Structures are given as C-alpha cells and as structure tokens.
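Q: Dropping the structure in here first, questions after.
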C-alpha cells in the first residue's frame, strides 16, 4: 500500500512541484498552500478554486490527516490550555496555548518538536519517559492548527500570533523538520508570523546553534542555562557533559555577533541549588558584554525531582542583582501550573489519561 503525502508539511515550492507532477500549472501549488495555512482547510474536497478533476487526482496521492484531540485541560484563569494530541502511529504529544489579554493581545502556541526527549534534565518531566521519535513538519503544524481552533472570535479569531518551540523535545535535534515548520509559519500567504514572534529554545546543542548562526533562519534563540558552573550544570543538564559552558557560551556569543539578534538565556531558580548571590555574580560574568537577555523562571513542580522553587521576593532580588551588574533580566510569567502545562511539566500524559 502506497503512503499518501501529508500536504500540511510541504513548502510552497514543493506543492508547486506536486501540482506539476499531477499535470497542473505551478500556481495551483500556491493555491493549495493558502487553503492549508490561511484558510485552515480540513480536506482536499473543500478547495473550491481547484478544478474538480485535479482535486480527485490530488486525493489519490495526498491527504490531510485529521486533528485528534485526546484530552483538553483549561487552567483556572481560562487563558492557558493544554491539548493532548494523538498521532497516526499511536504516539501522543502535548502542546499549550497561552492567551495574553494585555495591550498586545498575544496568542502564543507552545509546540513540541519530538515525542518525548532524550536530554534527561533533572527538573523536567518530559525527559522522564525518554525519546520516542522526531515529529514531522506536518505534526508540528498540526499542533498550531489544534491550538488555533481553541480561540474564540472574541480572543482574536483563530489567529496564533507567536510560536515558541518550548514543548516536548529538543528542537535542534530535529533541525530539518523544525526549520521547515518555521518557514511554513513565516510565509505571508499562510500563517504570516514574523521571525520576531517565533522562538526556538535549546538546552545547548552547540553544533545546532552554530548552524543557526550560519543559516540565519527567521526565528529568535533561547538557551536553557540554569547553572553557571560545569559542576552544577552537569548534574542538572547531562547535555553539559558533551557541550560544556566553555563551548556553549562562545557559540552563543558568535550567534549574537553574526545574526545581530540577542540570545535569551533561561534560568530556573531552584531553592538552595542555583539561587545564591554568587550564582547571580557568576551569571553576570558569564554573559558580560554579550547581546543577551536573562529570563528568570519560577521553578514549576515536577513529581520526583526533589527540587523546590524560591519565593517571589527571592526571585525579584536575584533579578535586581543581575540588573545592577548591567544585564537585562526579568521574571518570566509562568502559566498553567495547575494543569501541568508550564515550563518543564509536559510529558506523556496519554499514559495517565487514556
């Protein structure tokens, strides 16, 4: 049995090539792209400006797998929602929608890049189940479609304004599919999301950061740091044993210099572990004279980790120390803790729900 092509994961030029192979003019491919990513078509049969005969030929070789929402959780504030999505092979992934009703009216989609994660960070739930596989570009797009459908008309329609690759998985270990997704999201004839509104978060894959610096894809870079010494970072984030700070920080500096874009460093404050004054001073020294911003993250509870967060006053004091040293820093708004949708809490919930 021949596997049909999943249209959502194709770039405009790939859809144009498909149209030509099926005996149509290239512009038909761009029409298909608009149906998929501007009109959010759920089936080939609704693409009414395509000739019926072409739609019939297309349906023989291509498909649009349905969005399968297995579970849906809404935070008490109603503004954070977590979806468990079923994939065609029986695996499942989680993604999160965060609605901000401030002056900028942002609707942020937090997307997964892998089923599970191989990084094994000690304070993160995702890695507890290990890595199953990479997601395809289509499966990445599917998450945004599902989250966009969550938005009511009064909340900006189904317009996703921001994309963050901060869900399950390490995006730089699924580089090709993630970058393909980014290019689809950025295309003005579809989602039309500016590169300033697409953020990729990595635990510190140095070759991937160097590739980002060379290729300059349309996105912003965030790096999960969480410690200022190799000794501590080795314990918190095993990837540091492969790419220690003396390799990671210079790679980030080069990225900032080459692209002209600042690097955001994420730092989860863990009580009694990385929250001392000397940690703040070490962080200031590490990032001195770099185009950088520090996001201080309130640690979110993860069963079995043994870690605890710090009181809000302590987090504010830590930020003040960084700012006094000349670093740009702020406390990141943490959303969705009550539905395990916050940073570090996504996992194989399907084992608990189904």
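Cβ coordinates are placed from backbone N, Cα and C, and glycine is handled just like the others.
Taken from Swiss-Prot, the feature active site, proton acceptor applies to 94. Annotated active site, S-methylcysteine intermediate per Swiss-Prot: 343, in sequence order. According to Swiss-Prot, the feature [4Fe-4S] cluster binding site maps to 117, 121, 124, an assignment based on sequence analysis. Annotated S-adenosyl-L-methionine binding site per Swiss-Prot: 169, 170, 201, 224, 225, 226, 300, in sequence order. What Swiss-Prot records for 110-343 is disulfide bond. Among the features that Swiss-Prot reports, domain 'Radical SAM core' is placed at 103-332, with the record citing sequence analysis.
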Q: Where among the recorded positions 110, 121 do you find the Cβ with the fewest other Cβ atoms within 10 Å?
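A: Looking at the recorded positions 110, 121, the Cβ with the fewest others within 10 Å is that of 121.
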Q: Compare the C-alpha of residue 169 (S-adenosyl-L-methionine binding site) with the C-alpha of each of the recorded positions 110, 117, 121, 124, and give the closest one.
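A: Closest by Cα: 117.
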Q: If you compare CA-to-CA distances from residue 300 (S-adenosyl-L-methionine binding site) to each of the recorded positions 94, 110, 124, which comes out shortest?
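A: So, of the listed recorded positions, the one sitting closest to residue 300 (S-adenosyl-L-methionine binding site) is 124.
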Q: I'm trying to understand the geometry here, so how far is the Cα atom of the residue listed as 'active site, proton acceptor' from the Cα atom of residue 124 ([4Fe-4S] cluster binding site), in Å to the nearest whole number?
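A: If we compare the Cα positions of the residue listed as 'active site, proton acceptor' and residue 124 ([4Fe-4S] cluster binding site), the gap is 14 Å.
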Q: Roughly how many Å separate the Cα of residue 124 ([4Fe-4S] cluster binding site) from that of residue 224 (S-adenosyl-L-methionine binding site), to the nearest whole number?
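A: Distance (Cα to Cα, whole Å): 12 Å.
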Q: C-alpha of residue 170 (S-adenosyl-L-methionine binding site) to C-alpha of residue 121 ([4Fe-4S] cluster binding site): distance in Å?
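A: That comes out at 11 Å between the alpha carbons.
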Q: Could you give the mean pLDDT over the domain 'Radical SAM core' (103-332), rounded to a whole number?
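A: Reported value for the domain 'Radical SAM core' (103-332) is a mean pLDDT of 93.
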